[in-house]
Amino acid sequence: MVDIKGMWKDLRATPVETLVRWQEQRFLWLLMAVAMGGLIILAHSFFQIYLYMAPCEQCVYIRFAMFVMVFGGLIAAINPKNIILKLIGCLAAFYGSIMGIKFSVKLNGIHYAVHNPDPDALFGVQGCSTDPTFPFGLPLAEWAPEWFRPTGDCGYDAPVVLTRNAQFCPAVVCGNVSALRRLVSDPALAFYEYGAGVPAGVWAMFCTVADYERRLGNQAD
């Protein structure tokens, strides 16, 4: 296990030497790749699929920036002591972080202007396009449309909340929290705890999808 206190102590004592030494450790490169990959999966699987928050143009650009950092972390993790692989990882990390911040700031500005009661706040604000342009002309919207094709408007984040299936939320939360606590103290009984929590969660997700499809059908009629 990584000694976090020891790493922090070394960083405070000799910051330059410590940073150079960290770059030669595979763990930190994998940590960057896993962290960014986890955020991409969270944005897609939870916000886009579960909450039906369609990604806008800036959103897919932010995903691309995170994907670049995942790629750089995996490349550098092959051999962190190789100067070429480490340089690729550093360039990807800096490029992804800078571009991610850039698009995040732009999206935040659009969100502020859209939700500002002052109509003059929209002056000069550029909207989002449904035809994204990725660096190097990569047709990511065609290769992976589920992940990189913008289908929403910038600044309009309206998740579909639970309706009649909302009564299952306390059962899901309480059941799974209780199961996690039981997993630490008594793994054998945790199986029965999850037996109550997981089906409730699956049923709530099913009801959410059913309600959403029914609303779409009513709008179409």
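Heads up, the Cβ atoms here are built off N, Cα and C, so glycines get one too.
Swiss-Prot lists 27-47, 64-84, 85-105, 189-209 with the feature transmembrane segment, giving sequence analysis as the kind of evidence. According to Swiss-Prot, the feature disulfide bond maps to C56-C59, C128-C154, an assignment based on sequence analysis.
Recorded features from Swiss-Prot, shown on the structure.
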| residue | record | Cβ within 10 Å |
| --- | --- | --- |
| C56 | disulfide bond | 25 |
| C59 | disulfide bond | 25 |
| C128 | disulfide bond | 21 |
| C154 | disulfide bond | 23 |
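Sequence-distant contacts of the transmembrane segment (64-84), counting only residues of its own chain at least 6 positions beyond either end whose CB sits under 8 Å from a CB of the stretch, comprise 23-26, 29-34, 36-37, 39-40, 90-93, 95-97, 99-100, 103, 134-135, 140, 148. Secondary structure at C154 (disulfide bond), taken from DSSP and collapsed to helix, strand or coil, is coil. Same-chain residues lying 6+ beyond the ends of the transmembrane segment (27-47) with a Cβ under 8 Å from its Cβ atoms: 2, 53, 55, 59, 63, 66-67, 69-70, 72-74, 76-77, 80, 89, 93, 96, 146-147, 159. Distant neighbours of the transmembrane segment (85-105): 23-24, 29, 32, 36, 58, 61-62, 64-69, 71-73, 75-79; these residues of the same chain sit at least 6 beyond its ends, with a Cβ under 8 Å from one of its Cβ atoms.
The distance from the Cα of C59 (disulfide bond) to the Cα of C128 (disulfide bond) comes to 10 Å. The two recorded residues, C128 (disulfide bond) and C56 (disulfide bond), have Cα atoms 7 Å apart. C128 (disulfide bond) carries neither a helix nor a strand DSSP state and counts as coil. In this structure the C-alpha atoms belonging to C56 (disulfide bond) and C154 (disulfide bond) are separated by 5 Å. Reduced to three states, the DSSP call for C59 (disulfide bond) is helix.
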